[in-house]
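Asks: This is the structure I have questions about; it appears just below.
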Amino acid sequence: MSVQEYLEKHLLPRKIEEAVNAAVRAKAADPVLFISTHMRRAAPAVITRVCARQILDSRGAPAVEVDLHTNKAVHRASAAGPGAPEGAAVDATRDVEKRRLLAKAVADSVRLINGKVSEALVGMDPQQQAQIDQAIMDLDKAHHRTEVGANAMLAVSIAACKAGAAEKEVPLYKHIADLVGKSATTLPVPAITVINGGTHAGNNLPIQEIMILPIGAKNFEEAMQMGSETYHHLKDIIWEKYGSDSCNIGDDGGFAPNISSITEGLDLVIAAIDRAGYNGRIKLAIDAAATDFCVGKKYDLEFKSAKKSGQNFKTGDDMIEIYSQLCSEYPLVSIEQPFDKDDWEHSKKFTTLELCQVVGDDLLMSDPERIKRAVNEYTCDALTLKASQVGTVTEAIEAVKQAKDAHWGVMVSHRSGDTDDSFIADLAVGAAAGQIKAGAPCRGECLTKYNQLLRIEEEFGSEGVYAGENWRTTAS
């Protein structure tokens, strides 16, 4: 093929002329740069390859990372490995076997992504998120996320979302807002972990997390400052009261002093808020993760203790009384998963008291049918949105819409044992969630989310709005 034939085949003379004319009209200071950018935009982006690999998550367990290639760039995303154990293993042999099985699952996902998933997505427009996610889901014949793996699906879906934002030349949160059908100008209130317990720490505290919500901050930057200062004052208080060896941290970066009482933990946090000078401006929240200490139809508040008194087996009604007392004595505004994942009865009883926000995690699993049931029965009034539970960005967005339609709160959440991908920060802003849970102001996988939100707020400038006192209503 001659040069002239090549030029004519690809319509290059006309395209170059258009680019030159555009540079002239724009009076471009650097016409070569302008023309190259113009030519680049003239070619639509298409996915050319999807490449996956095994990396390690924050627990050192196998996880999936994906590079999604287009004809213009490469976009990377990661998600914790499929079936990653949520808590600390009790038996070392069992833990070793879990990790072997997990590594095998990740390896299988990597092979599938590099093969069938890549083949299915080649040639697709990265801006068409719903179509891409449907193509991924179509590969999972049973629709149980077992064929591809929910976290492997999510890593591909997030990488595609990043590619779509790049093609539109907008920030990721803006692209997500477009997908949701909302404008993105709200920074969420962070639910910052300060004390860890449950299966996420080696102490005797039965509940999984105690968190602080800097609702009284004027912006997200101040919220993180308030959270960080309170966190460090808490460390000093724990050091003074229990000694330096009690300042170790749990899986989410919260301190893990050897306490067994919920009130003892809350008292420590209240003392830290007071010492930091933020009384009245910071509220409290807990993640009970009660499924972990539910035995039959009762709740064992000593499930981690080697010396059980036998006095701390509680009924669902007993737990309602405990939570009600905590809400009356402390500025407690949110309780996540207060009962077992299948204890709809007591969750409903407690929610109808309207003492605080009741957040469904295991109860809902971000599943549309379970959310629908919870809405109809008023079993909770907020959603823990873990994208890894649903598998794709499109399904996560649908879960948000479902919760908002019910006038619920939405808490976008990381997962324990997360990777350093900051996607959920953009998701929280783009979906106007009003709340984000990303762990403590400690550990890299937590800080990457909070730091991304600081960058987003800086980008917003004077147009940025911090959810603050409207932390629940922004999700309506």
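Keep in mind that glycine also has a Cβ here, set from the backbone N, Cα and C atoms.
TrEMBL lists these features:
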ACT_SITE  Asp252  active site, proton donor
ACT_SITE  Lys386  active site, proton acceptor
BINDING   His200, Glu209, Glu336, Asp361, Ser413, His414, Arg415, Ser416, Lys437  substrate binding site
BINDING   Asp287, Glu336, Asp361  Mg(2+) binding site
DOMAIN    47-176  domain 'Enolase N-terminal'
DOMAIN    184-474  domain 'Enolase C-terminal TIM barrel'
Asks: Relative to the Cα of Glu336 (substrate binding site), which of the recorded positions Asp252, Asp287, Asp361, Lys386 has the closest Cα?
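Replies: It is Asp287, whose Cα lies nearest.
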Asks: If we count other C-beta atoms within 10 Å, could you say which of the recorded positions Asp287, Asp361, Lys386 has the fewest?
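Replies: Each of the recorded positions Asp287, Asp361, Lys386 was scored by Cβ atoms within 10 Å; lowest is Lys386.
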Asks: Between the Cα atoms of His200 (substrate binding site) and Asp361 (Mg(2+) binding site), what distance do you get, rounded to the nearest Å?
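Replies: That comes out at 16 Å between the alpha carbons.
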Asks: How far is it from Ser413 (substrate binding site) to Lys386 (active site, proton acceptor), counting Cα to Cα, in Å?
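Replies: Pair distance, Cα basis, whole Å: 5 Å.
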Asks: Taking 8 Å from the centroid of the Cβ atoms of Asp287, Glu336, Asp361 as the cut-off, which other residues in that chain fall inside it around the Mg(2+) site?
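Replies: Near the Mg(2+) site, beyond Asp287, Glu336, Asp361, sit Gln208, Glu209, Ala288, Ala289, Ile335, Gln337, Val359, Thr384, Ser413.
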Asks: In the predicted model, what is the mean pLDDT computed over the domain 'Enolase N-terminal' (47-176)?
Replies: 84
Asks: Please report the distance from the Cα of Lys437 (substrate binding site) to the Cα of Asp361 (Mg(2+) binding site), rounded to the nearest angstrom.
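Replies: A Cα-Cα distance of 12 Å.
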Asks: Cβ within 8 angstroms of the Cβ centroid of His200, Glu209, Glu336, Asp361, Ser413, His414, Arg415, Ser416, Lys437: which residues besides those meet this for the substrate site?
Replies: Thr193, Gln208, Asp252, Asp287, Thr384, Lys386, Gly439
Asks: Within 10 Å of Asp361 (Mg(2+) binding site) by C-alpha distance: pick out those among the recorded positions Asp252, Lys386, Arg415, and say none if nothing qualifies.
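Replies: Correct set: Lys386.
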Asks: Would you mind checking how many other C-beta atoms are within 10 angstroms of the C-beta on Ser413 (substrate binding site)?
Replies: 28
Asks: Which of the recorded positions listed here (Asp252, Asp287, Arg415) have a Cα atom within 10 Å of the Cα of the residue listed as 'active site, proton acceptor'?
Replies: Arg415
Asks: Compute the C-alpha separation of Asp252 (active site, proton donor) from Asp287 (Mg(2+) binding site), stating it in Å without decimals.
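Replies: Checking the Cα atoms of Asp252 (active site, proton donor) and Asp287 (Mg(2+) binding site) gives a distance of 12 Å.
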Asks: Is it possible to get the count of other C-beta atoms within 10 angstroms of the C-beta of Asp252 (active site, proton donor)?
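Replies: So the number of other Cβ atoms within 10 Å of Asp252 (active site, proton donor) is 31.
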Asks: Mind computing the max CA-CA distance among His200, Glu209, Glu336, Asp361, Ser413, His414, Arg415, Ser416, Lys437, which the record assigns to substrate binding, rounded to whole Å?
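Replies: Spelled out: the longest distance between any two Cα atoms in His200, Glu209, Glu336, Asp361, Ser413, His414, Arg415, Ser416, Lys437 is 16 Å.
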Asks: If you count CB neighbours within 10 Å, which one among the binding-site residues His200, Arg415, Lys437 has the smallest count?
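Replies: Counting other Cβ atoms within 10 Å of each of the binding-site residues His200, Arg415, Lys437, the minimum falls on Arg415.
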